[in-house]
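*Asks:* After the structure tokens below, expect a handful of questions from me.
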């Protein structure tokens, strides 16, 4: 029963990782942009939500509903001011530009809010600790809610892409931007809408982070790492793969943590590395490298 | 016939190299113009400028008298300039029908059932209706070219720019495409067609333009252009074209 509980907690934690990784996966899948500011922007979303609901004296849910459109607008600004100009400089420049954005974001948040750790736990009532108990299994209601939101986000995005006109335009832009333009698609607008949607996902992940854990101005780095690991484990650009990747990462951490508390994070990283090496081997990169080595030393 | 598209003094430079160098080009309504020339003559570059795929360095382009030089490819597509590529560029992750829907709704501005009807009509005209539900990435070269044509057609163009649509096809396949293109002309669509397979091209076009080194070196009735010594020397380096 102990192990079953650990695996269950890992699966539920995987829901958070999948939600966290959804925006990263979506942006990479559509625009081939790896947003290194992803984690920092999730933390920014959490801070915006906190400021909004505390300043207006409304519920955290109200803060979330106001934060999401702000994140969407920030997404449009991010697209036009950073991603689009940097894409003209080649594949490496958006990486550096978003890395720079992450540094700026972290330090601006630090200068405004200081180093204190924050959490929404105190403001969401019993939801932060309520659980369903089945025997010795503890199922957190908040973790289930986050998992359900992750499913809704990933399923909704999948439906949007496959069933709607805007989804077809996004796919057309992703496949071949020149051909999309010559079919009448305003690809700048579509890319801006894509980044806005990705930022809404980032905002949801930030809210989940603040509700189920804690955050501080420098919490973005680890969040980026978890999101990146979930995306790589699940397969880059695949939305349902991202869910599986999140679950695999969560279960690895749960099982690792059960063996030894200090092994929790390391177990996740080890599984990530194993999958990464297996993917490289499968893709032929490693075997090609070994062949080159054999030729060199023959 | 009234003037549909007019380009004056078109220049496209990449650094010091002018790939299109002072080209004046006109297309009337329902006219079919062929463009020939040796490799590197600037034919595809000219088509890129007309479709808005790349911005001009100098010159101006007018559609029905309105200046469109600063408009991008998507705008021009929505205002009646369709285009096919030399190497077909289908949206491979979509079905053939979805490819057409993107073009019909975005390029053609058709909504709901109009878009579906437009997509079906374009597929039927290009002989692709039976492949409507196939994934575009499973298509062979001829089918890809037909899809490319159908997708351009679904945008409801007044002017269709075709870039070597016969390239890589057998004579029989290219002749099948000629029938489709002749049908488009009968529907009142003007055509600008770059093609190396000249005997196919002359079945459709009423005016031929020959380019070399970024300039137009001859223009007029297809047979007289093909017999022009300047064209023969620049384009073929031999005595006869057909």
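Just so you know, glycine gets a Cβ as well, placed from its N, Cα and C.
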*Asks:* Any idea which of A:135-161, A:162-188 is down as transmembrane segment in TrEMBL?
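*Replies:* Transmembrane segment, as annotated by TrEMBL, spans A:135-161.
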*Asks:* Counting a contact as 3 or more Cβ pairs under 8 Å, with residues at least 6 apart in sequence, do the transmembrane segment (A:189-212) and the transmembrane segment (A:62-83) touch?
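*Replies:* Yes, these stretches are in contact.
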*Asks:* Sequence-remote contacts (6 or more beyond its ends) of the transmembrane segment (A:6-29), Cβ cut-off under 8 Å?
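*Replies:* Residues 35, 38-39, 42, 137-140, 143-144, 146-151, 153-154, 157, 174, 194-195, 197-202, 204-205, 208-209, 212, 223-224, 226-231, 234, 236-239, 241-243, 245-255, 257-258 contact the transmembrane segment (A:6-29) from elsewhere in the chain.
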*Asks:* For the transmembrane segment (A:36-56), which stretch among A:95-115, A:224-251, A:263-281 has the most Cβ pairs under 8 A?
*Replies:* A:95-115
